[in-house]
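J.: Pulled these from TrEMBL:
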type: BINDING; residues: 120, 121, 122, 123, 124, 143, 172, 186; note: S-adenosyl-L-methionine binding site
type: BINDING; residues: 186, 187, 188, 189; note: substrate binding site
type: DOMAIN; residues: 6-74; note: domain 'Release factor glutamine methyltransferase N-terminal'
type: DOMAIN; residues: 104-193; note: domain 'Methyltransferase small'
């Protein structure tokens, strides 16, 4: 049986030499996964059983090859949820939580019976986080990938939200014939020419279709902004994620399609990450200070 501290020290050194940030934390998380313990339980662990040591060594090898931690462990946290991850979807990122914060800003009534559509749902993180905050809301998540839609469905069950959500495979424009109070979306927004320069964890392992936004990064927004007027109720809200420096261009695309900007929300790094657009007409949702009847 090998000592826990020796394993962690060697793993941390190897991860640091591979250029992985916060190597000590990642080593601890890998050992948690290999031993079936949380971080608190790891403190009381003295030695590591041979089978656990082997599992840890295999996981460490994958991480040194720059496979994301969330794909090794098969799960990650988002908002207050613990979600399954898979190679058919992007890994949920903390930056995307700005969309949920924006929704809470413009719709503070937690008992509002919202109907919510999540376009490009991936793991289902945005829709499920929104439903967790609005207990009377229901929603639909759509993704081009059937595997992603199936994973999102499993996450709804995992989160106890399966009775208020449905997940479909199909295109953003053709999959539904309905209108919603709120549309959430984190579309592909990386410029095609920048993809090769992304972190190895992203470019090697995450699906390119969920990243590539075309030559200027705005292809998906052009499609979205044309489709949104037909997907939103009169006065409905669209909350979109975007990359650094894109928010003004996306706001303009919205205006060209009859969508009025009513809010922005920055992520923890201070980047304008979430744009709130409103369709023409009076509102069914009572919002904090942005709604105009």
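Heads up, the Cβ atoms here are built off N, Cα and C, so glycines get one too.
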J.: Which one of these binding-site residues has the most other Cβ atoms within 10 Å of its own Cβ: 120, 122, 124, 187, 188?
T.: 124
J.: Can you tell me the CA-to-CA distance separating residue 188 (substrate binding site) and residue 123 (S-adenosyl-L-methionine binding site), as a whole number of Å?
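T.: Cα to Cα, residue 188 (substrate binding site) and residue 123 (S-adenosyl-L-methionine binding site) are separated by 15 Å.
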J.: Helix, strand or coil: which one is residue 187 (substrate binding site) in, per DSSP?
T.: coil
J.: Go through 121, 186, our binding-site residues, and report the one whose Cβ sees the most other Cβ atoms within 10 Å.
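T.: Ranked by Cβ atoms within 10 Å, first place goes to 121.
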J.: Tell me which residues of the chain lie with their Cβ under 8 angstroms from that of residue 189 (substrate binding site), as long as they are six or more apart in sequence?
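T.: Non-local contacts for residue 189 (substrate binding site): 213, 217, 218, 220, 221, 241, 242, 243, 246.
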J.: State which of the following binding-site residues has the fewest other Cβ atoms within 10 Å around its Cβ: 123, 143, 172.
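T.: Selected from the binding-site residues 123, 143, 172 on minimum Cβ neighbours within 10 Å: 172.
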J.: So which other residues, same chain and not among 186, 187, 188, 189, have a Cβ within 8 Å of the centroid of the Cβ atoms at the substrate site?
T.: 120, 185, 190, 210, 211, 213, 220, 221, 241, 242
J.: When DSSP is mapped onto helix/strand/coil, what comes out for residue 143 (S-adenosyl-L-methionine binding site)?
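T.: Once the DSSP labels are grouped into three classes, residue 143 (S-adenosyl-L-methionine binding site) ends up as strand.
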J.: Among 120, 121, 122, 123, 124, 143, 172, 186, which the record lists as binding S-adenosyl-L-methionine, how far apart in Å are the two most distant Cα atoms?
T.: 16
J.: I need the CA-to-CA distance for residue 121 (S-adenosyl-L-methionine binding site) versus residue 187 (substrate binding site), whole Å please.
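T.: Residue 121 (S-adenosyl-L-methionine binding site) to residue 187 (substrate binding site), Cα-Cα distance: 9 Å.
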J.: In the predicted model, what is the mean pLDDT computed over the domain 'Methyltransferase small' (104-193)?
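T.: Value for the domain 'Methyltransferase small' (104-193), mean pLDDT as a whole number: 94.
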J.: What are the helix, strand and coil residue counts for the domain 'Methyltransferase small' (104-193) according to DSSP?
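T.: Its residues divide into 30 helix, 23 strand, 37 coil.
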J.: Could you give me three numbers for the domain 'Release factor glutamine methyltransferase N-terminal' (6-74), the DSSP helix, strand and coil residue counts?
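T.: For the domain 'Release factor glutamine methyltransferase N-terminal' (6-74), the helix, strand and coil counts are 50 helix, 2 strand, 17 coil.
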J.: Spatially speaking, which of the binding-site residues 123, 124, 172 is closest to residue 187 (substrate binding site)? Use C-alpha to C-alpha, please.
T.: 172
